Amino acid sequence: MNLINSLPRKKGTLIAFCLLLLVLPWMISSGFQSGSSYLRALDMALLFIMLALGLNIVVGYAGLLDFGYIAFYAVGAYTYALLNSPHLQAMLPSWMMYPPFVVSIVICAIVACVFGIMLGAPTLKLRGDYLAIVTLGFGQIVRIFMTNLDRPINLTNGPQGINNILPPQFLGYNLGKPIEWFGLQFEPVHLFYYLILFFCALIIVVSIRLQNSRLGRAWVAIREDEIAANAMGINTRNVKLLAFAMGATFGGVSGALFASLQGFISPESFILMESIMVLSMVVLGGMGHIPGVILGAIIVSITPEVLRDVINPLQMAVVGRKVVDPETLRMLIFGAAMIIVMLVRPEGLWPSKRRRAELRPATKGIALQEKDDLQDAERNHD
Amino acid sequence: MDIFLQQIINGLVVGSVYALIALGYTMVYGILQLINFAHGEIVMIGAMVTITCINFLIGHNVNLPGPLLLALGLAMAIPVTMLLGYLIERIAYRPLRKAPRLAPLITAIGVSIVLQQAAMMIWGRNYRAFPAILPSDVVEFGGASITTLQIAIIALSIVLLIGLFLLIERTKMGRAMRATAQSPDVARLMGVNVNNIISLTFMIGSALGAVAGVLVAANYDQAHAYMGFMIGLKAFTAAVLGGIGNLGGAVLGGILLGLIESIGSGYLGDLTGGFLGSQYKDIFAFLVLILVLIFRPSGLMGERVAERA
């Protein structure tokens, strides 16, 4: 019951929205000329939603600033790649290779979770920006190892990365090849869309359930005041570690899906800039608010793709010739957009009610708002 | 040739540049508690403007000795970066002073992206060679060698550091800066124009950054639009290592980081029996940072920080 209560109140809207999500890839591939590249961007956007929701637990709920989050995405991706590509075939026993898809995902989640705890444990004493720089350091360390662990034992194949990653297959279907159902031709990019959508929905549900759980409230308590939380009997060490572990698990699942979608991974995909992008998704959308974070992830990941197609024709129309490199112009506009959005809405595009009330007390009495929230929390918690 | 001494010298050269940049981070952090992510790009722009200026002068057959050309280039670059530092603070940080603390961090990242891309538009994607105007005689020194350029880098850094410390410790403006760092509200009550002081802090940090950028470019003989990111990251690490917000800490952290890196890249292979090569020098630097922070959670010289997020 709890779950249904925490979903949007209007069930009809929800069902219509789900239907829209199901037909969305068909609308895109028939509506645009470069449909399949947009579809790929859509797949990536779903992956980024998962990443942003994972980071949202660490930064948004628990208030731990993490600059190395992409490391867990990388760990998930590399774990999946090593298990599902010929790269380590000579070294690993054959029963370890090519596990069923679901098993692969679970393994990736567990490995990422262990990494999350390993990297979280030494940072428990650190606060604020010191925590940020240490997590940044861990992110860099993971990336440097991935780039250099091709010697003395070739584990990660260095900067070339790992290719020939097997696409997921279950129930006898191979997601790497087109499948025909009911006269409809499902391209791999469609199939991956549904696969990732499924996991994305799963992670959204887990996020919502966590938010209203005892653990979720403990995270928020730590974010607001760690000492007070400790005094209230929250085991801050374990709860912080759980935040890192949970966030890392989401990242690991997302990374595994990324590896299976791409069929190829290299350390290039896991640079610091990616961590920063995921962080800006969380903050731009509205920290700690699930719909906001989802919106942020979609906007930040799709905007550069849309700009890619819009910039050059626009430049041609306005100036008549290619003045600046469209790639550069697109990133310039993207950066400027980030600044403007933050200046106009410092609390994020779609902040939670509580946060908005904290920051814009003039709109409605904070006390009143807090009371609403409390009632909401109680209603959701039976 | 004494390898150990050589690594120490290289470390000091790189470390003194890190220290200059780290001061820019730490001064801003001391007053606003904000990581000025765009500082690395300021360093890059300082180097690029100087190179462009020197090339322009050489292209117009201005026959001046190398150091004078460099000084002219810097005289152009420093005002440019100071203006940029001022504008960044005015546009991207000042409106967000009362906002949640991650908001200015995101605008800082946005500014960093904008500056980097603008630099790519102006100067292109390729590496720019640093014009060969500086003498590069090699001085033998106790079995190790050091170029006159490297000596000049260390000397210039020391002069700038002493100048900055005198400015902050001995002048009225410096006192106002220290007061603002301690408590902006009380400083305002005492008649300090806090907004001006913050602008000034950004401008001084940017000027130091421009000089540091030129020194880096001269040391490696090249500069490019992406150089700011990595060097900014290193300098920020140095500032945290020393204890962010603490000027002495930034200098100590910068020099330590330079030494750790160069000794790490020189000896890591021997230490681990060839298992880890010099490509792991960055890991070495970060590991030292993490170890230091585990035992001293607010850096070598920093004070205990309050919890914020």
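Using the three backbone atoms N, Cα and C, a Cβ is placed for every residue, glycine included.
If you check TrEMBL, you get these features:
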- A:369-382: compositional bias 'Basic and acidic residues' (COMPBIAS)
- A:361-382: region 'Disordered' (REGION)
- A:12-32: transmembrane segment (TRANSMEM)
- A:38-59: transmembrane segment (TRANSMEM)
- A:64-83: transmembrane segment (TRANSMEM)
- A:95-118: transmembrane segment (TRANSMEM)
- A:130-146: transmembrane segment (TRANSMEM)
- A:191-210: transmembrane segment (TRANSMEM)
- A:241-265: transmembrane segment (TRANSMEM)
- A:277-307: transmembrane segment (TRANSMEM)
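Take the transmembrane segment (A:38-59) and the stretches A:95-118, A:191-210, A:241-265: counting Cβ pairs under 8 Å, A:241-265 has the most. Per-stretch counts of Cβ pairs under 8 Å to the transmembrane segment (A:130-146) identify A:64-83 as the leading one among A:12-32, A:64-83, A:95-118, A:191-210, A:277-307. With pairs at least 6 apart in sequence, the transmembrane segment (A:277-307) and the transmembrane segment (A:241-265) have fewer than 3 Cβ pairs within the 8 Å limit; the two do not touch. Same-chain neighbours of the transmembrane segment (A:277-307): 37-38, 41-42, 44-45, 48-49, 51-53, 55-56, 59-61, 66-67, 69-70, 204, 207-208, 211, 220, 223, 330-331, 333-334, 337-338, 341-342, 347-352, 355, counting only residues six or more beyond its ends whose CB sits under 8 Å from a CB of the stretch.
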